[in-house]
Amino acid sequence: MKVILASASQRRQELLIRLCDNFDIIVSDFDEEKVVFENSIDEYVQNIALGKAMDIKEKIKEDAIIISADTIVTLDDKILGKPKDEEDAFNMIKLLQGRSHKVYSGVVVINTKKDLIIKNSVATEVVFSKMNDDEIRKYIKTKEPLDKAGAYGIQGIGGIFVEEIRGCYYNVVGLPLNKLKTMLEEAI
């Protein structure tokens, strides 16, 4: 059966290759702003991922396995998505430096033939080292932080500033492979 990744993320595409060597990419038009945070971060990221997957399900005519994900960073119950601009990235990193935060990914797998929807989420704790303003500005000049939740990429230059990680590394990159593997086995 055809496998579809509902994501424009290059990182998610590179990670999915480890589980599935043949898949199509269809980018969702789902408006993440439609999802309202109520009281559970796990439910919130799962619902965003579900919205993306359902958007693709409505667009395709054939049976397929659809995979979607959403990743956010939280600090002191504050959600940090992708920065709006360099100043926003600076402020996010300034908040994270020298502290522990959590990265949540919601993952959804839909088997359209079975009309089966599997939702899950994974949380990983990350400890950032202390950074001075010059280090933060230098990192932002690389442009790496500008398209990532929490304004850093653990798999890139941002990994230099990670002191410790508790949980799934791939979750922080954007696709928790171990959890996704289990979900795909259940879906097929």
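Note: Cβ is positioned from N, Cα and C throughout, glycine not excepted.
Keep in mind that this is a model prediction, so the values were computed, not measured.
Residues or ranges marked as active site, proton acceptor in Swiss-Prot (evidence: sequence analysis): D70. According to Swiss-Prot, the feature site 'Important for substrate specificity' maps to R11, T71, Q155.
Projection of Swiss-Prot feature records onto the structure.
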residue : record                                     : DSSP class
R11     : site 'Important for substrate specificity' : helix
D70     : active site, proton acceptor               : strand
Q155    : site 'Important for substrate specificity' : coil
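Among the recorded positions D70, T71, Q155, the ones whose Cα is located within 10 Å of the Cα of R11 (site 'Important for substrate specificity') are Q155.
Around the residue listed as 'active site, proton acceptor', taking its Cβ as the centre, 26 other Cβ atoms fall within 10 Å, counting all chains. Between the CA atoms of D70 (active site, proton acceptor) and Q155 (site 'Important for substrate specificity') there is a gap of 17 Å. In terms of local Cβ density within 10 Å, T71 ranks first among the recorded sites T71, Q155. Between the C-alpha atoms of Q155 (site 'Important for substrate specificity') and T71 (site 'Important for substrate specificity'), the distance comes to 15 Å.
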